[in-house]
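K.L.:
Got a structure for you, questions after.
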Amino acid sequence: MPEHLRALVVILGIAIPAFWLARRALCDGLMRAEDFDRRRNLWFAVTLLAFLSHSFWLYIALCGVMLLVVGSKERNPAVLYALLILAVPGFEQSVPGMGLINYVFDINHIRLLNLVILLPAALRLGQSPALAGSGRWRLCDRLLVAYILFSLLHRASFDSATGTLRFGFYLWLDIWLPYFVVSRYLNSIRDFKEFIAAFVLGVAITAVIAAFETTRHWLLYESLRYALKLPTVLPMYLTRGEGGGLRAYVTTLNPIALGYTMMVALIFALALTRDVAARWQAALLIGVLVIGLFAPLSRGPWVGAAVGLLGAMAFGQGGALRAIKLLAIGAVVFGLLLISPYGPKAIDLLPFVGSVEAENVTYRQRLVDVSMIVFWERPLFGSPDYLLHPALEEMRQGQGIIDVVNTYLGVALYSGFVGLLLFLAPFLVAGFFVWRSLRRLHPLQDGYQSLGRAVLGALIGAAITIATVSSITVIPTIYWLLLALAVSFIGLAKHDPSSIDATAASTDGPNHRAAAYAYSRQSRAMSHYTACSHA
């Protein structure tokens with residue numbers, strides 16, 4: 001049996017029981033059974049098409065038609081999108097052109113989802129102002145559009161007309177379209193939780209596959225590259241340390257990208273524990289994601305997860321107590337790890353204090369120093385050919401590449417301080433308003449509190465992690481989705497009246513009625529403020 005078919009058997013053997021358990025865990029409080037079944041079937045269909053089509057272009061065509069037809073019946077396309085993001089690796093090929101145009105654009109799995117799931121959804125939003133919310137421009141929208149326009153103009157300053165048009169198409173397809181659809185479609189707390197649950201489910205299945213890859217030393221999805229007749233790519237950074245374990249990456253095609261997705265999903269999962277059918281199911285979900293976080297042996301996401309989880313616990317009402325509890329639990333777990341037989345090996349893997357591949361930390365520190373030399377030569381608008389600067393030659397590695405493993409440095413060197421500021425502005429503004437919303441939410445609104453803390457914690461964790469890796473594979477897709485979730489949460493926390501009614505209806509006694517009354521007054525006062533709303 002060919003290797004890719006054996007890999008398919010393993011993947012199905014993991015996914016079938018995983019979806020069986022997930023249906024019992026999620027369908028009571030987070031997702032309708034018929035919606036779950038349809039999305040689950042599409043996940044399997046996409047996976048089977050990828051492994052059985054034996055042609056990249058046949059897979060793109062069949063999958064595109066299937067998702068267009070079946071996806072049109074989807075009640076919330078954003079939720080389906082969240083589940084399918086990690087279903088198939090993001091192998092990329094160029095759509096052939098004609099005449100003077102060598103190729104039209106590069107297509108991969110996520111761009112296919114953007115075209116056949118999100119684009120029809122965006123068109124429906126344009127036809128239905130009710131679905132689009134207020135329909136008015138929000139502050140975060142304007143900041144994001146400013147970044148996109150600047151990036152396009154910056155590209156036009158050195159690229160050809162066709163290259164600039166193609167780059168503009170990528171900006172619209174990869175950044176604006178996911179942000180627009182997700183930020184508009186999540187119009188209730190149920191939609192918000194459903195989106196997060198679908199994303200966590202997709203990542204949890206990936207986590208189990210990652211554990212298999214690490215323990216069995218078998219990258220399951222690499223065989224798919226050959227089955228689809230794609231060019232061979234020599235994977236890098238496959239092991240951690242001399243004689244170390246295999247660093248899994250499943251469909252993300254990079255170990256740090258896998259750890260990054262696990263970090264975001266783990267923070268989100270903690271916000272859903274009360275909505276899962278049984279406590280043991282919630283504990284199992286958290287355990288699976290923790291295993292998935294450690295499977296790629298990527299230390300940047302570990303740091304991001306630690307700080308992001310601490311932030312998610314510390315913000316909002318009662319944050320200090322939650323943070324203390326988290327630190328206490330972390331100290332106990334760390335102490336047990338130290339006295340276990342795996343203690344010394346685990347310590348060696350830790351960043352800054354461990355001895356395994358300590359040169360990677362040194363490389364990143366030196367990269368910052370050298371990059372500052374290049375940056376200050378063109379601080380405002382950067383240089384598109386910064387990698388050709390002689391100062392960066394000392395950073396060239398044995399593979400013959402200069403790996404700018406820092407998203408912020410990459411943006412600053414490419415587009416200068418102006419580009420970096422415009423890149424950061426939407427996230428900083430959205431993060432600030434999420435934090436302000438948490439401060440103004442009533443303590444009785446724990447559902448909103450937990451979701452807001454999760455979004456803010458994920459933003460913090462992502463901000464730390466992308467300082468250790470460039471924006472490759474699924475990394476930018478997820479941080480633009482985090483921005484959309486932040487904007488959606490701000491609108492929900494400010495405008496959704498059902499939360500006030502639910503709080504008042506679920507409590508008894510004069511104290512609770514007084515609290516609900518005070519909360520309703522506070523909510524009316526909040527209407528005088530704008531949080532990422534129209535100017």
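Note that the numbers count up from 1, one per residue, in the order the chain is shown.
Using N, Cα and C of the backbone, Cβ positions are placed for all residues, glycine too.
The model shown is predicted, which means the values in this text are computed figures rather than measured ones.
From TrEMBL, here are the annotated features:
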type     : residues : note
TRANSMEM : 43-71    : transmembrane segment
TRANSMEM : 78-104   : transmembrane segment
TRANSMEM : 194-212  : transmembrane segment
TRANSMEM : 256-273  : transmembrane segment
TRANSMEM : 280-297  : transmembrane segment
TRANSMEM : 303-321  : transmembrane segment
TRANSMEM : 326-343  : transmembrane segment
TRANSMEM : 411-434  : transmembrane segment
TRANSMEM : 454-472  : transmembrane segment
K.L.:
Please determine whether the transmembrane segment (256-273) and the transmembrane segment (43-71) are in contact (criterion: at least three Cβ-Cβ distances under 8 Å, sequence separation 6 or more).
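P.N.:
As far as Cβ distances go (cut-off 8 Å, pairs 6 or more apart), the transmembrane segment (256-273) and the transmembrane segment (43-71) do not touch.
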K.L.:
Are there residues at least six beyond either end of the transmembrane segment (43-71) with Cβ under 8 Å to its Cβ atoms? List them, or say none.
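P.N.:
Distant contacts of the transmembrane segment (43-71): 4-5, 7-8, 11-12, 15, 19, 77, 80, 83-84, 87-88, 91, 93, 107, 112-113, 115-117, 120, 202, 224, 227-230.
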K.L.:
List, by number or range, the same-chain residues at least 6 past the transmembrane segment (326-343) whose CB is under 8 A from its CB atoms?
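P.N.:
For the transmembrane segment (326-343), the far contacts come to 306, 309-310, 313.
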K.L.:
Sequence-remote contacts (6 or more beyond its ends) of the transmembrane segment (411-434), Cβ cut-off under 8 Å?
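P.N.:
Beyond its ends, the transmembrane segment (411-434) has Cβ neighbours at 139-140, 143-144, 146-147, 150-151, 154, 371, 374-375, 378-384, 386, 404, 452, 455-456, 459-460, 463, 479, 483, 486-487, 489-490, 531-532.
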K.L.:
Which sequence positions outside the transmembrane segment (194-212), separated from its termini by at least 6 residues, show Cβ-Cβ distances below 8 Å to it?
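P.N.:
Distant contacts of the transmembrane segment (194-212): 10-11, 14-15, 18-19, 22, 26, 30-31, 35, 39, 43, 76, 78-80, 82-87, 182, 186, 218, 220, 248-252, 258, 261-262, 264-265, 268-269, 271-272, 275, 285, 288-289, 291-293, 295-296, 451, 454, 481, 485.
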